[in-house]
Amino acid sequence: MSGHNVWTHKGTFLLAAVGSAVGLGNLWRFPYLTGENGGGAFILVYAVTIFAVGIPILIAEIMLGRASRQSPIMGMRHLTKTHNTSRAWETIGWLGAVSAFLILSFYSVIAGWAIHYTWLMLTGSLVGADAQAISDGFDALLASPGLLTLYHTLFIIASGLIVGMGIHRGIESGLRIIMPALFAILLLVLAYSVMHGDIAAAASFLFTFNLAELSLEGWLQAVGQSFFTLSLGMGAIMAYGAYMSSTASLTRTAIAVAAVDTAVAMVAGLAIFSLVFGAGLETGQGPGLMFVTLPLAFAEMPLGGLVGGVFFILVLGAAISSSISLIEPVAAFLVERFDMTRPQAVTLMVIASWALGLLTVVSFNIYAEGTIFHTLFGRSAFDFIELLTNIFMPLGGILIALFAGWALTHSEVMKEMRTNETWFSIWRFLVRFIAPAAVAFVFLRTIPQVDGYLIPAIGAVLLVGAFAAGRTFLMENSQEK
Ligand code: PHE
């Protein structure tokens, strides 16, 4: 068994998990999806999913990591042996590794845009620019495969360097600098947006809801987003959990991660929409919300260049503290399984993900439309990879919930959770039934409309999951009791 590493301090897991959770998902994706989906109704589905489904699965995922003290794939392999369950459960680890690899590929490209905008803002290039100029500028960035590749490369190398230095000298030390700075900057930007924007309009946009307004794809996006923002269902949290101190409280930590993550999304949403409404701009811009609408708002405001620059530094810091958690599970697996050195493992993961990222790069220009990819999959490579992760993460989440709920024994869970019987029963009920059913419900409702041909694939994975769960259950009952 791998000589197991543990974070230096009891609280480091919390820091690392918050670093993973808070990222482009909160600052870029959440606001633009909310804007596209008309505000409140989207947030309602998102928030309910976080609390009813996200937190129990978060607890389950940390538990699997800490109980196995290995990388997700090897950890699941170990747990399937010690629990005498089907090897099929290893799917959790593999699904996670694949999702991490897919997410990192586009995450790094988008984070790269923030490098560009930090530069533009701090050099004052956008000060006083009008809407046309700013949106032309964004289009020009997207039209340039060279520039996009350059930024993508810089960002992914920076992330790789941190992980390559190891969990103590790299990840922990990095997070200790990045995270406090993030919270300070976020508050600064909020204060600025209260002074110069229209915070009341932002609040009413975010917190008035009409569920009937939410489209089917909106439902899927809301559920996908709640998994994405909590970094759930793909091994990042499990990998960090493997290093968690045995004495830190699982439940409290999980609730804290979800609360901080949601608070950051709300604050970012308020700040961004306050600036957008204050400048009289549109909310439904899509992915360009942060890169067109927001710079435009900053361009017209006092000290906009400086505050805008600081804002994009915040985006970069949040992105890098998340991207390192995408590299860690795969890197740790390569080290454990193939005896690679950490730098070798990180290099391999980063190069592979970088190469896949080139597909996202060209989705915005050379292969924007009308190519074979569009004909085959009905969308760009970037949209396709994103859709896959929107499905894989909740799917991984269901499997994690089922395994933790059915395969782990009462005493094991109690040892990890150290809680009373009532909380234990509530949690177990949520992961055994509610979380899987809720996610399955949304899948069944939305995916046929969104993408007919994916159903057989998902159905198959669900069947494997159900089969494995059933077998585990039978074995457990025939042996223990
Ligand atoms: N949670 C991160 C964000 O919101 C994204 C992420 C997903 C990171 C999955 C790690 C794993 O930006």
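Residue positions begin at 1 at the first shown residue.
Even glycines carry a Cβ here, placed using N, Cα and C.
According to TrEMBL, the feature transmembrane segment maps to 12-31 (among others). A Cβ distance under 8 Å defines the sequence-distant neighbours of the transmembrane segment (12-31), meaning residues of its chain 6+ beyond its ends; these are 46, 62, 107, 110-111, 171-172, 175-176, 178-179, 182, 225, 228-231, 236-237, 240-241, 243-245, 248, 253, 256-258, 260-261, 264-265, 268-269, 272-273, 287, 289-290, 314-315, 318-319, 321-325.
For the transmembrane segment (43-67), the residues of the chain that approach it from at least six positions outside its boundaries are 13, 17, 30, 34, 75-76, 79, 92, 206-207, 209, 211, 214, 218-219, 222-223, 225-227, 229-230, 232-233, 237-242, 244, 246, 250-251, 253-255, 257-258, 261-262, 269, 397, 400-401, 403-405, 408, 412-413, 416-417, 427, 430-431, 434-435, 438-439, judged by C-beta separation under 8 angstroms. Residues or ranges marked as transmembrane segment in TrEMBL: 43-67 (among others).
Residues or ranges marked as transmembrane segment in TrEMBL: 88-115 (among others).
Here the transmembrane segment (148-167) has long-range neighbours at 5, 7, 104, 108-109, 111-113, 115-116, 141-142, 173-174, 243, 316, 319-320, 323-324, 326-328, 331, 342-343, 346-347, 349-350, 353-354, 357-358, 361, 364-365, meaning same-chain residues at least 6 beyond its ends whose C-beta is under 8 angstroms from one of its own. Taken from TrEMBL, the feature transmembrane segment applies to 148-167 (among others).
According to TrEMBL, the feature transmembrane segment maps to 179-207 (among others). Within the chain carrying the transmembrane segment (179-207), a Cβ under 8 angstroms from the stretch's Cβ atoms is held by residues 15, 18-19, 22, 34, 39-40, 43, 264, 266-279, 283, 297, 301-303, 307, 310-311, 313-314, 317-318, 321, all 6 or more beyond its ends.
TrEMBL lists 219-243 (among others) with the feature transmembrane segment.
Per TrEMBL, the feature transmembrane segment maps to 255-281 (among others).
TrEMBL lists 301-334 (among others) with the feature transmembrane segment.
The transmembrane segment annotation in TrEMBL covers 346-367 (among others).
Per TrEMBL, transmembrane segment is recorded for 387-408 (among others).
Per TrEMBL, the feature transmembrane segment maps to 429-447 (among others). The list of residues near the transmembrane segment (429-447) in space but at least 6 beyond its ends in sequence, with Cβ under 8 angstroms from a Cβ of it, reads 49, 52-53, 56-57, 59-60, 216-217, 219-220, 223, 391, 394-395, 397-398, 401-402, 404-406, 454-455, 458, 462.
Per TrEMBL, transmembrane segment is recorded for 453-474 (among others).
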Best-packed against the transmembrane segment (88-115), counting Cβ pairs under 8 Å over 255-281, 301-334, 346-367, is stretch 301-334
In the same chain, which residue numbers or ranges, 6 or more beyond the ends of the transmembrane segment (301-334), come under 8 angstroms Cβ to Cβ?
16, 19-28, 70-74, 93, 96-97, 100-101, 103-104, 107-108, 110-111, 114-115, 117-118, 121-124, 126-127, 155-156, 158-160, 162-163, 167, 170-171, 174-175, 178-179, 181-182, 185-186, 188-189, 192, 196, 231, 234-240, 242, 275, 279, 290, 294-295, 340, 342, 344-346, 348-350, 353
